[in-house]
Every structure is written in structure tokens, then in C-alpha cells.
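According to TrEMBL:
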| type | residues | note |
| --- | --- | --- |
| DOMAIN | 211-253 | domain 'DPAGT1 insertion' |
| TRANSMEM | 19-40 | transmembrane segment |
| TRANSMEM | 60-81 | transmembrane segment |
| TRANSMEM | 88-104 | transmembrane segment |
| TRANSMEM | 116-134 | transmembrane segment |
| TRANSMEM | 146-164 | transmembrane segment |
Amino acid sequence: MIFLGFADDVLNLRWRHKLLLPTAASLPLLMVYFTNFGNTTIVVPKPFRPILGLHLDLGILYYVYMGLLAVFCTNAINILAGINGLEAGQSLVISASIIIFNLVELEGDYRDDHVFSLYFMIPFFFTTLGLLYHNWYPSRVFVGDTFCYFAGMTFAVVGILGHFSKTMLLFFMPQVFNFLYSLPQLLHIIPCPRHRIPRLNVKTGKLEMSYSKFKTKSLSFLGTFILKVSESLQLVTVHSSENEDGEFTECNNMTLINLLLKVFGPIYERNLTLLLLLLQVRFGLALHHLVSLSPWFLLQSFSPCRSWAVLLPSPFDTSLSDSSMMSESLDHYPLPHSP
């Protein structure tokens with residue numbers, strides 16, 4: 001991943017390379033999971049049990065999911081980037097959230113999985129903390145794509161081999177939103193420039209939204225529809241203009257950074273970074289609050305299990321620890337005596 005990030009910094013790789021190369025790089029990770037665990041059975045959420053039953057063996061599709069998770073984590077931090085301190089800052093917050101989650105779960109039945117995660121996350125946290133000190137505005141060190149890919153794959157490794165891949169996605173909620181919001185441009189349904197970072201207003205010293213300008217007639221029907229829906233939902237600012245070359249449409253680049261600038265107006269770079277990191281912290285705190293109050297909720301999500309038949313406990317049963325309620329492996333639950 002470090003080599004891929006360096007190659008992207010130097011060669012400006014295309015998006016297809018950024019998808020194919022992390023996919024290939026995730027194969028050794030999936031082989032480790034297959035060799036040591038090999039479990040692909042999930043517990044089906046309640047609403048779908050009349051159709052799918054209590055358990056569903058996804059087989060190779062579960063490995064596809066883990067491969068997609070590795071690709072997403074690798075690119076997620078790189079997509080939400082471009083201002084001083086943001087890449088290292090969000091990585092620091094995510095790693096801190098994972099460390100707290102692991103420490104809380106150490107008393108449960110899956111201590112070894114969380115200890116394994118801590119072996120990776122604690123050194124990563126402190127090295128990133130040192131990096132953030134030099135990367136904070138005004139930055140003296142720039143991380144580039146090299147750090148973004150390295151950090152993302154580190155999170156993917158601990159999430160998959162630590163058996164909390166779905167919980168990992170919850171720590172990435174701002175990145176998930178940013179990805180979904182950016183999808184029309186990433187798929188080139190709406191024209192996407194090489195860099196979508198905010199632009200600096202030299203007079204005020206504040207960051208403002210950056211825009212993508214293109215000929216109106218070059219936009220497909222689907223692109224026009226998405227643009228109109230996004231504008232009606234106040235997610236995009238659209239301007240139209242006309243000159244001797246024809247009619248042009250201009251819309252702000254679809255990133256979470258530009259969306260915050262649209263909502264709050266021009267902001268100093270340091271304050272914008274703080275706002276984004278506070279958003280990341282808020283999602284992390286919300287997840288820990290959800291875990292502490294509603295462990296039963298997590299049992300309703302897709303969870304891999306090793307036993308062929310499992311009876312889900314009552315949400316009012318206090319005999320099980322939060323760790324066993326939280327874990328993705330249910331082989332410590334007693335087998336039922338009857339269906």
C-alpha cells in the first residue's frame with residue numbers, strides 16, 4: 001500500500017488502478033482469514049428470517065465483502081483529504097475509537113482478537129500523533145497518498161482479522177457519507193476534476209467551495225437528474241452561464257469538505273479541519289454510546305457465526321456480557337435443544 005501511494009503521488013494513477021491494485025493487495029489478507037478462520041456463515045437480521053432463515057452461509061460472497069471492505073478503507077481516507085491535518089487527523093480519531101472499543105471488549109470472550117487489534121492500533125496511534133504535530137496547519141510535512149493508503153489498509157487488516165469488520169464501517173461513517181456523496185463524480189456521471197480540494201480566497205484567507213465547470217449538453221440524462229435532485233435537497237450549488245462557446249453548468253465538487261463550506265460558508269483552513277475532526281469524533285462517541293446502551297441492536301445486524309445452529313438470547317437476558325453480545329462470532333452461545 002505504501003508503494004501504491006507513492007506511485008499515485010508520482011504517476012497520478014487512474015481510478016481503475018486505485019481499485020484493482022488494492023484488490024490484488026487484499027488477497028494475502030483474505031488467504032490468512034481463510035486459513036485461520038474460514039467462517040462465512042452469518043446470522044440473518046430478524047426482518048429477513050422468514051425468507052432466509054436464521055443462518056445464511058454466504059460462501060465466497062463473504063470474501064467478496066471483505067475484499068470490498070479492504071478496497072474501501074484504502075481509498076476512503078484518500079477521498080476525504082486535501083487540507084492540512086485532515087488525513088492524519090481523521091486517522092488518529094479512528095484509531096483512538098478502535099483502541100477504546102478494543103479496551104472495552106477485553107473483558108469479553110474474544111480477548112485475543114481485541115489484543116491483536118491493539119498490537120496494531122497503539123503504535124499506529126502514536127506514530128500518527130507525531131505526524132499530525134508536523135502536518136497541522138500550517139503544515140511542515142505533507143502526507144500525500146502514501147500515508148492515506150497505508151492507514152486505510154491498516155484499519156482493514158485489524159477489522160477483518162480482529163473480527164469486527166462491520167463495527168469498523170461504523171467508525172468510518174463520515175467517510176462512507178463522503179463516498180456516497182462523491183459517487184456521481186467518481187463514476188463520472190457528473191464531470192470530476194483531478195483535484196476537488198477547496199479553493200483559497202487570497203483576500204480573506206478563507207477556504208471556499210471549489211467548482212466543476214462543464215458544457216451543459218455534455219451531461220447525460222442521469223447526470224442531469226442527479227444534479228437536479230441534489231440541488232433540490234440543498235446538497236449542491238449549481239450555476240448556469242452562456243458564452244460564445246455555448247451553455248455551461250457549474251456545480252460545487254461533491255465532497256464532504258465542500259458540503260460543509262456550503263452549509264457554513266467560507267471558513268479558515270484550521271477551523272475547517274477542526275470541524276471535520278469534531279464530526280469524526282461525534283460519530284465515534286455515538287457508536288460507543290450505542291454499544292453501551294444497545295448491545296442487542298448489534299445482534300440484529302449480519303454477524304458471522306461458527307456454530308450451525310444458534311438460539312439468539314433475549315435482549316433482557318443479562319447473563320451474557322456485552323462482549324459476547326457485541327462479537328461477530330457466536331460459537332460460545334449454547335446450542336438450542338429444539339428448533
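Every residue gets a Cβ built from N, Cα and C, even glycine.
Here the domain 'DPAGT1 insertion' (211-253) is broken down by DSSP into helix, strand and coil counts: 15 helix, 18 strand, 10 coil.
Taking Cβ pairs closer than 8 Å, the transmembrane segment (60-81) reaches residues 1, 18-19, 22-23, 25-27, 29-30, 33-34, 40, 42, 87, 90-91, 145, 148-149, 151-153, 155-156, 159-160, 165, 168-169, 172, 174-176, 178-179, 182, 186, 255-257, 276, 304 in its own chain, all 6 or more past its ends. Below 8 angstroms of C-beta separation, residues 85, 88-89, 91-92, 95-96, 98-99, 102-103, 140-141, 143, 147, 151, 154, 157-158, 161-162, 164 of the same chain, each at least six residues beyond the ends of the transmembrane segment (116-134), sit close to that stretch. Panel annotation: around the transmembrane segment (146-164), residues 1-2, 4-6, 8-9, 22, 25-26, 29-30, 32-33, 36-37, 66, 69-70, 73-78, 81, 87-88, 91, 94-95, 98, 101-102, 110, 113-114, 116-117, 120-121, 124, 128, 131, 171-172, 304, 326-329 of the same chain, lying at least six beyond its termini, place a Cβ under 8 Å from a Cβ of the stretch.
Per-residue pLDDT, averaged over the domain 'DPAGT1 insertion' (211-253), rounds to 92.
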